[in-house]
Amino acid sequence: MTDILQVPAASPETKGRSLFQLALIRFRRNRAAMAGCIMLLLIAIFSFVGPFFSPHSYDQVFPSYVTIGPSLEPRPDASTLQEAMEGVATRARVTLTEFAVEGETFTATVTSEQPIDPRSTRYFDRANEFENTSVVVTEDDGRTMKVQGLVDREYFPFGTDSNGRDLLVRVMLGGQISLAVGLLASLVSLGIGVVYGATSGYIGGRVDNVMMRLVEILYSLPFVFLVVVLVVFFGRSFILIFLVIGAVEWLDMARIVRGQTLALKRREFVGAAQALGLTDWQIIRRHIIPNTIGPVIVFVTVVVPKVILLESFLSFLGLGVQAPLTSWGALISEGANNIQSAPWLLIFPAIFFVVTLFSLNFVGDGLRDALDPKDR
Amino acid sequence: MIAFILRRLASAVPTLFIVVTISFFLMRFAPGGPFNLERPLPPATMENLMRTYHLDQPLWRQYMTYLGNAVTGDFGPSYIYHDNNVAQLIGKGLPYSMELGFYALLLAVIGGVIAGTVAALKQNSLIDFAVMSVSTIGVTVPNFVVGPVLTLIFAIMLSWLPAGGWGDGSFRFLILPIIALALPQLAVFARLTRGSMIEALNTDHIRTAKAYGLPVRSVVITHAMRGALLPVVSYLAPCAAALLTGSAVVETIFTIPGVGRYFVLGAINRDYTLVMGTVILVAIFVIVFNLVVDILYGLLDPRVRHD
């Protein structure tokens, strides 16, 4: 009692802060959570905007660059080009005397005992590496020919996979799918869990008993197994995967919302709504669900990384989205299979995956601390 | 106590029944079958196969037959591994999975509890920070990343340990899989222990024990540990069940002939009986370990009564 008397009257000048503003301030002060936010934003930009800035598409195959290591230098390098050019010369039955590459153009001098047909430039174009070859000078009655053309140089900063696809773009695509599945599946589980939990808690009595008993039975099912069965037997489309994952991740959410609802439904405003003659569904929708939002948001931040993990787990077992689409889990699995010959196939997707999971964890912790200061 | 155990075992029967029923019908209503290969079999062969495995009978009869056989421990033939029936396959794989899982569980519980206790005793110190960072890594990074990275470092770069396989069963082959299996669980145990230990150390009876001048070790181990281990014990059940029945991921990465892979292989090949067998196996493990943990709970916490 004495505590209450000692509370000073709020001075009129200080502006009141809403709970939401307080939460925002607490969240901003949490450095790890802010860093997590920024990392997530960067990774999302990398995954969703990045492909627009890459000249390669995710299913584009480069037969001449299968399983090459990551490098900031353009491919092919000078010595490979030299070899390629010698190959071309052999095929065109001419001798290569001089060869130089400058930036994107090359010049070559070839000789032969007979006059060279200018049409033999098509041999140059036929190689993957060279393009738009044209004759510059012909000397010695056509026995010596200087040709010039463009070198097709590609950048593969992350290297390529065993099919000759650009790993950078594949990691971006994997990010798109992993993040999208994570968000959508969490929304599905959020929707089912909130409606189910709120209904069960609000109606109570026998209905509550039956509904919660059902949740307990579902809990005892081996869940990962259930997901695997569902995915294997009903196909592997993108939509199905997030529906299935969402459909198995709602149990905790339902329990949390039910607990909240049980506390809420004895409050005066719900009684007032009942007295006004609102139907049960209207009360659940307008009064119960909006008031459970705090713990629900916190729990969603736990669900998102869980879902991303589950999706990657499925992809790792070869049950995720199908090629040429990919996700981080599928890329990591591919990397794990080629670990001896091409470790970069594991390292790059794993880095992005792990950083994302860490950031989500930090953001989740930050939100929990910010929204629920008692829980610290 | 015995009445409690019997009651719990009796209540497990409907759970198992529901698990079996849901899995059975879920699989059968899905398109495809165990003999739908890429190149279709001739109709006569197909018919014979279906007859041999009683797949031509109405679904409810197959279901009744399966239930009847399963009660007597006969889980039917495997449709894909023709030389073995499901019970034999599981009997062959389970020892590998259980040995691996047992060591992983041991490492996870002992390592996790020790790390968590030390972190709680030296709260906010460098050790605490280190334990929490490692456990954050363990919780966040899934074992299908940890496994290949461990292989990359210790098997390929340093060539200290074999990259996979069971070999002659010597411990060298088990080290990497055990770490990959145990790390996530170890992290959970460390976090749980740290949290409940900090709480336990702040209770009145611990303060009293300290005030009596009891040595720190005896305060921590005999008084605080007892209460602090309750959440750890309750996590033990799902963890033990998951570890001992094999992990599809770890067994795939390290090519270990355990039961973890059978489920995925069975599901992919629509090997109905094999999938059912593994599902029942996991369900039994979950039920048994939940029971064991409830009994342990009663021993640790006298407030819990089983009557």
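Glycine too: its Cβ is placed from the backbone N, Cα and C atoms.
Predicted automatically and left uncurated, TrEMBL annotations should be read as such.
Since the structure is predicted, the reported quantities are computational estimates derived from the model, not experimental observations.
Taken from TrEMBL, the feature domain 'ABC transmembrane type-1' covers B:94-297. For B:12-30, B:100-121, B:141-161, B:173-192, B:232-254, B:274-300, the entry in TrEMBL reads transmembrane segment.
At the 8 Å Cβ threshold, with sequence separation of at least 6, the transmembrane segment (B:232-254) lacks contact with the transmembrane segment (B:12-30), having fewer than 3 such pairs. Cβ atoms under 8 Å from those of the transmembrane segment (B:12-30) belong to residues 59, 62-63, 66-67, 70, 270, 272, 275-276, 279-280, 283-284, 287, 291 of the same chain, restricted to positions at least 6 beyond its ends. Recorded stretches compared: B:100-121, B:141-161, B:274-300; the one with the most Cβ pairs under 8 Å to the transmembrane segment (B:173-192) is B:100-121.
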